[in-house]
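Enquirer: A single structure is presented below for examination.
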Amino acid sequence: MSDVVLAGELPFPQRPDYLAAGSTLRSWLTTTDHKRIAILYAVTITVFFFMGGAAITAVRLELFVPNGWFLTSDTYNRLFSFHGIIMVWFFLVPSIPNTFGNFLMPLMIGAPDVAFPRLNLFSWYLTLVGGAFAVYTLIAGGVDTGWTFYTPFSTMFSNTHVLTAAAAVFVVGFASIATGVNFIATTHMLRAPGMTWFRLPLFVWSIYATSIVMVLSTPVLAISLMLVIAERWLGLPIFDPTRGGDPILFQHLFWFYSHPAVYIMVLPAMGVVSEIIPCFARRRLFGYDFMVYAIIAIAGIGFFVWGHHMFVSGQSPYASLIFSFLSFVIAVPSAIKVFNWTASLYRGQISFNSPMLYALGFVGLFTTGGLSGLFLASIPVDVHVTDTYFVVAHFHYIMVGGSVSAFFGALHFWWPKITGKMYPESWAQFAAITMYFGFNMTFLPQFFAGYLGMPRRYHTYPAEFQLYNVMSSAGAAVLAAAYLLPLMYLTWSLLHGKRAPSNPWSATGLEWTTSSPPPPNNFDMQPLVDRGPYQYHAERESAGTDAPEVQNARSLR
Amino acid sequence: MNTIFTLPEASTQAARVDGIFAVLVVVSALTLALVFGLLVTFAIRYRRGSEAKRGRLPEIVNREFEVSWTAATLFLFAFLFWWAASADVGALTAPSNALEVHVLAKQWMWKTQHSNGAREINELHVPIGRPVRLVMTSQDVIHSFFVPAFRIKQDVLPGRNTETWFKATKLGVFPLFCAEYCGTDHSAMRGRVTVMSEDDYTRWLSRQPEGDDLAHLGAKLFVSQGCSGCHAGSSSVHAPKLDGLYGRTVQLSDGRQVKADDAYIRDSILQPKRDVVAGFEPIMPSFAGLLDDGDVQSLTAYIRSLGQEQDHE
């Protein structure tokens, strides 16, 4: 499409968009444009998502029958370990921050790029190197420690490729740290004039808080993996009890990262949902200030709850009491957010476009997952259900029901902005609904199996758990199909989709004021900000005083 | 055995846990009903184009709502914590009359040993209505002793003893699982706990082959491993005497004081240079690698028996 044709449609006819700014492989691999790096990440994590998904599909197939039918125990253990490692570190952690955070954060604060564009590209290469270690591990025969690498199993007893698997996670952790540093600097330094802290969109707040969590907790993960490597490779006595080591030291270090890591996955998801709901409810977000404080509280308290993973590990019972209390406390800001999203619908003009369906699905699934978290914070109940399928169901509700729903919500919300193309809405709505039901079919039965005592990571299981496993596996098939749908219709939209206007949803937010897709430096002129986010009510309540916005909304609807 | 839909409550702990569980289910169900109810109601009532009345809420209402539901959730959660935690604190320590059973976990089996020396593999027979205290250690990796019907679970660690206890309230056979991932045959590391009447249990116990109990086993090791050469009363080597040691506070040469419990005894056997008793030279060699975890358990039991005899005198 030539510029002449575009001139009639778009406000920025003179310059090519960021996608057209160079089409050679070299132009992509050496780019420092945050938007192109976001695309690089998107492609990378999509590959990882389907790899991790394939591994778990085999696992769920195997669990159809109690005593196994096509996998050996060793293969089974390696498959669930691969699934966990890939999904946590190569999909969930980078998913929203590294793709949508990268693409949108500078646009949302009115900046031309992130603070350190080269560091940004470098962290993508680190992800690739980490991914190469992970894929090598798989090809060389896999690793069977689970994603948690518990010692002394991982250091002294496993005969699989622990070193390369640990190296994979170690390296990709640096990508996390680099990205976090970059986003923190960007938020502090590059906000447009008038973009005060309390005018930041909640997505920016959540990415900012996530970045702080990444920068503070990921080094601890790196250290704990270094210690695993040191003991396994160099034979240093760190976790080996026969030489004075402490076998559960690793768990403390590991969960000091991995519990905050849950918020690395969930906070950005909360940010996405906080953007989508006001837009499709045409209302200001209820209680913006409280939402900001809740984000800060979650990020802060998130560092002090790791011990609730270890109530049965033999840690001091008094420590357990404190961790139990703090785990209840962190549920409060999460509850605030759920109430505020719900209240944001009140007196709205709600339309059910696919991003909204994903966002509402997120609220439902996150609430369910969060409430099941209360069971795990209560020590006596936790003792019974920990390390069972109850826990599996709980964290999948939070991490898959929550984060992945929000990821798809973000994908559909910003797809027109990112690609400049519209997708077929009815397909997208169908996929969103199928995903919601497939998800519940997969994981709801696991709460029951877990309460009845089915331990997690079991290759074979007593026959009385079969009903729940069959239900779960059937649900997984529906879920897998639902995940493949967007791959198809979004690809279709790239080739045949209608051209997207700069603001297809009549959303507020600076990213919608530039063209779709944006030009390489995001804005033709430095944006000025004179109001807070989510001024959707303005179009109804003060018609006349906010004329441009009203006109904008009408012309597109 | 448990059926598909229900899990038997076969211990005193089970009833307690299920009580808390039930309350959490009710709280969750109400919260879910509230959130889903509001979502659906708002979604229908305020769908685009509906005739429902809109308009702005006064700012003060926002603030009041925010403060009140924040406070409400905080109080609710604080109450739940207090309630669940107090149940747990009450169940922390086993009653003093508890039957002691030793559990040794290894890839991939459970070895249990009763106080009279009877041993079982992947099986545990216990009497109904008597508290049973499990003293557990692992020979290799971390395992976890999990009996769903009793609602108990405790990680079993290498190099350390962990404990849990239960009082069975139902006769029957209940599955025992390993809940901490421990390698290839993790899912095959299962066993059964059989709860018998007191009479049946006594009969069962008497039918078991006569094994040495742990303390006797320990006494033999004490001699065969050469411990008695220094620590026995008649020895000429200057080494701490062990009679009455167990449970006592020991003064160390660096000024610290420690309680002589299982962990201290284990450390003293495996890393004798770590906690040197005041007034003694650190001349004892380490037995790490020479004694396995079962041996250390036996020696500990022997030393404990010395302490108990002292108490009675």
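Including glycine, each Cβ sits where the backbone N, Cα and C put it.
TrEMBL labels come from automatic prediction, so no person has curated them.
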Enquirer: Please find, within the list A:140-161, A:536-557, the residue stretch that TrEMBL describes as region 'Disordered'.
Expert: A:536-557
Enquirer: Taking the transmembrane segment (A:285-306) as the first stretch and the transmembrane segment (A:202-229) as the second, find out whether 3 or more Cβ pairs fall under 8 Å, excluding pairs closer than 6 in sequence.
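Expert: Answer yes: the transmembrane segment (A:285-306) meets the transmembrane segment (A:202-229) with 3 or more Cβ pairs below 8 Å.
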Enquirer: When you look at the transmembrane segment (A:318-336) alongside the transmembrane segment (A:38-59), do they share 3+ Cβ pairs under 8 Å, ignoring any pair fewer than 6 residues apart in sequence?
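Expert: No, the transmembrane segment (A:38-59) and the transmembrane segment (A:318-336) are not in contact.
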Enquirer: Are the transmembrane segment (A:318-336) and the transmembrane segment (A:163-190) close enough that 3 or more Cβ pairs fall under 8 Å, when only pairs 6 or more apart in sequence count?
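Expert: Contact between the transmembrane segment (A:163-190) and the transmembrane segment (A:318-336): absent.
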